[in-house]
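Down below is the structure, laid out as C-alpha cells.
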Amino acid sequence: MLSTMLLVTGATIYFFIRVLKTPPKPEPDSYLDNDDEIERRAPRA
Amino acid sequence: MSANKESWGSRVGLILAMAGNAVGLGNFLRFPVQAVQNGGGAFIIPYLICFLVMGIPLLWIEWSMGRFGGKFGHHSTPFIVDTMHKNRLWKYIGVFGIWTNIAVASYYCYLESWTLSYVFHSLGGTFSGLDQIGVSNFFDEYVNLGESTFGIPYEPIFFFVVCLLLNTWILSQGLAKGVERVAKIGMPLLIVFGMFLAYKGFTINAGENGAINDSSVGLNFLWTPNFDELWSPTVWLAAAGQIFFTLSVGMGTIHCYASYVRSKDDIALNAMSAGWMNEFVEVVLGASILIPISIGYLGIDGVVDLVNSQGGLGLGFRTLPYLFYQWGDVLGAIAGVMWFGLLFFAGITSSLAMGTPWIGFLQDEFNWNRRPAAWSFGLIVLVLGMPTVLFFKYGVFDEYDYWAGTVSLVVFALFESILFAWVFGMNKGWREITSGADIKVPGIYKFIIKFVTPLLLLWVFIGSLITPKGGDWAGAFSNGWELDDSSIINKIKNSNLKRQLAEATDPAVIEQLQETLFFVNASRILLVVVFLSIAGLVYMAYKKRVREGRI
C-alpha cells in the first residue's frame, strides 16, 4: 500500500515540478497571463 | 470566421483544469468500491498497468488530436476528427464527443447538486442526532422529492437548478476567467479537504468514538492483494473501465481543452502532469477515506453488505454523514462540509469541462458568442436532466449513466485510437505528440499506441458486449456462452427487467416494473434523438462550410 501511494505521489510531484521549472516558450504562446511581462513581448519588426 | 478567440490564462491553470476535468466523484466513490470488489490490493496491479498502456496513450492521443484540430480553428471533436482524414463520415463519429458530454452533464449536474445540498445540510446540522437508518431515509426522501428539512418545496429541483445556473454562469465567463479560475480555487481546496479526511481515515482507533476497528483493518481490507483474482478477465475489465472513468478519456473534453494550446507548446508533459494528479487524488486520497472510515465504525461485513446493496454512492451519501457525527457535533459538521465540499469541487470541475465542447462547436460553426452558447448548454441540460430528477426511481439516471457515461466512452475511444494510429498514421501522430514536448516521450509508446491500446480497447468493448454470466469466462468457453445481465447485449434486450416481470406476482411490483421498463426505453429514445439532432447540426455546419468555401 505504502509503496503504491509513494510511487503515485512521487510521480505527481515530479511531473508538476517539471512543469513549474520548464521555462515558457517564446511569445506568442498559448497563455494570456504572461502577455504583459515586458521581457516576454515579441520584439517589434 | 469563428467567434472563438479564447485562450488559457496560464500553463498551471490549464493543467489544473485538465486534472479537474478528470477528477470526479468516481475518484472517491467508485474507485475504492471497485478495488474492494476486484481483489483488493491485487486490483491495483491491472489498474496501474491499464493506466500505463491505455490511460497515458489515450491522454496523449486526445491532447494531440485537440491541439492538431485547434490549428485549423476547431474546438469540438466532429471537426477535429474531420481534419485528420478526408472521409466525411469521421465527423459523425466525432458527434460522440459532444453528445456524451451533454448526456452525462444532464445526470452529473443532478448528482453534483446533491453534494451542494448536503454541504448546506451538514452546515445546518440536519444529520446531527440522526442514526444510520435516519440518514439513509433522509437520502431516500431527498431523491424521491419528499418533504424538505429546509422547508424548500421540491428541494432537489431547487438545488439542481442552482447548480446548473452556477455552471452556466461560470462557463459564460470564458476559459481563463471562468473554468480556469474555478479549477485554481477548487483543486487545491479539494486536495486540502481530502488530506484532512484521509488523515482521519488513517487515525481511527478501536474503542474511541464508537469505532469498532482500527484504521489498519479497513486499509488492510482494501489493500491486501488477492492474487487469485489477478488472472480473472473480469478484474482486468473492471480495471480498464475504471481508467476510462477516472481520466475522462473518450469524452471529447480533453480534445476541447487542448485545442486552445498552440502547436509549438508542450502537451506531452502537460498530459502526464494532469494524469498523475488525477491518480494521486484517486489512489492516495480516494482510497483513504470511504472504506477505512466505514470499516472503522461498521466492520468489514457491514461495509461489504452496504457496498453490494448500495454501491459507493450509497455509502457516501447514506452512511458517511452518520459516521462523521461519531466524532462529535462540531467535527461531524466540519467533516461533512469537507466531504461534500470535496465532492462538489470534484463534480463542478468535471461538469464545466462537459460544457466546453458544445460551446466551442456553436462558436466555431455558427458564430455564436460565448455567453448565449453557454446559456444554450444550460437550457439543454435542464431539459434533458429533468427526467433524471423526476423519474429517478424508475432508473432514468442509471440509464443515462450506462449509455452515455459508460458504453459511449469505450466506443469513442476505440474509434479515436484507430483513427489516430492507423488512419491519420502513427508517424504523423508521433510528430504531433512530441512536437514542442518538454519531456522525452519513451519510444516504446509508439508501439503501445499503435498496437496495444487499440487491442486493449477492442477487448474491453467486446468483453462488455458479451460478458458471460457471473463473469465466468473459463466456464463460458467450456460450457456454452450464457450472457450476463450486465452485458451490453442483455442490457439492450432489458433481460433483467423482463425476467423480474415474469417472476413477479404482486400487482404493485408488476406495475412498478412495467413503468420502469417504459421509462428505460423512453430514456434510450431520448438519448438517440439527441445524438441524431447533434449529427444533424454537424451536417448543417458542414453544408455551411461548403457554401462559404471553407472546405
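Just so you know, the numbers here start at 1 and follow the chain as drawn.
Glycine is no exception: its Cβ is also placed from the backbone N, Cα and C atoms.
Because TrEMBL annotations are produced automatically, they should be read as predictions rather than curated entries.
Quick caveat, the model's predicted, so the values are computed rather than measured.
For B:12-29, B:41-61, B:89-108, B:152-170, B:182-199, B:235-260, B:280-300, B:330-353, B:374-396, B:402-426, B:447-466, B:522-542, the entry in TrEMBL reads transmembrane segment.
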Close approaches to the transmembrane segment (B:152-170) from elsewhere in its chain (Cβ under 8 angstroms; 6 or more beyond its ends): 105, 109-110, 112-114, 116-117, 142-143, 145, 178-179, 182, 348, 351-352, 355, 374-375, 377-378, 381-382, 385-386, 389
Contact ranking winner - B:12-29, B:41-61, B:89-108, B:280-300, B:330-353 against the transmembrane segment (B:522-542), Cβ under 8 Å: B:89-108
Chain residues in Cβ proximity to the transmembrane segment (B:374-396) (below 8 Å; excluding those fewer than six residues from its ends, i.e. six or more beyond): 102-103, 105-107, 109-110, 143-145, 156-157, 160-161, 164-165, 167-169, 171-172, 355, 358-359, 362, 368, 515-516, 518-520, 522-523, 526, 530
Best-contacting stretch, by C-beta pairs under 8 Å, relative to the transmembrane segment (B:41-61) and drawn from B:182-199, B:235-260, B:280-300, B:402-426: B:235-260
Stretch in B:182-199, B:235-260, B:280-300, B:330-353 most in contact with the transmembrane segment (B:447-466), if contact is a CB pair under 8 A: B:235-260
The transmembrane segment (B:182-199) and the transmembrane segment (B:402-426) contact flag, 3+ Cβ pairs under 8 angstroms: no
Long-range neighbours of the transmembrane segment (B:235-260), counting only residues six or more past its ends (CB under 8 A): 6-8, 14, 17-18, 21-22, 24, 26-27, 30-31, 34, 37-39, 42-43, 46-47, 49-51, 54-55, 58-59, 62-67, 69-70, 74-77, 80, 94, 96-98, 100-101, 104, 175, 229, 267, 275, 278-279, 282, 350, 353-354, 356-357, 360, 405-406, 408-413, 416, 456, 460, 463-464, 467
Same-chain residue ranges lying at least 6 outside the transmembrane segment (B:280-300) that approach it to Cβ under 8 Å: 19, 23, 27-29, 31-33, 35-36, 44, 190-191, 194-195, 197-198, 200-202, 204, 206, 210-215, 217-219, 221-223, 246, 306, 312, 315-316, 319-320, 323, 326, 339, 346
Intrachain neighbours beyond the transmembrane segment (B:89-108), with Cβ under 8 angstroms and 6 or more residues off its ends: 24, 76-82, 167, 250-253, 255-256, 347, 350-351, 353-355, 357-358, 361, 377, 380-381, 384-385, 388, 397, 400-401, 403-405, 408-409, 411-412, 415, 419, 527, 530-531, 534-535, 538, 542
Long-range environment of the transmembrane segment (B:330-353) - Cβ separation under 8 angstroms, sequence gap at least 6: 17, 20-25, 27-29, 101, 105, 108-109, 111-112, 115-116, 118-119, 121-123, 125, 127-128, 163, 166-167, 170-171, 178-179, 182-183, 186-187, 189-190, 193-194, 196-197, 200, 248, 253, 256-257, 281, 289, 316, 320-321, 324
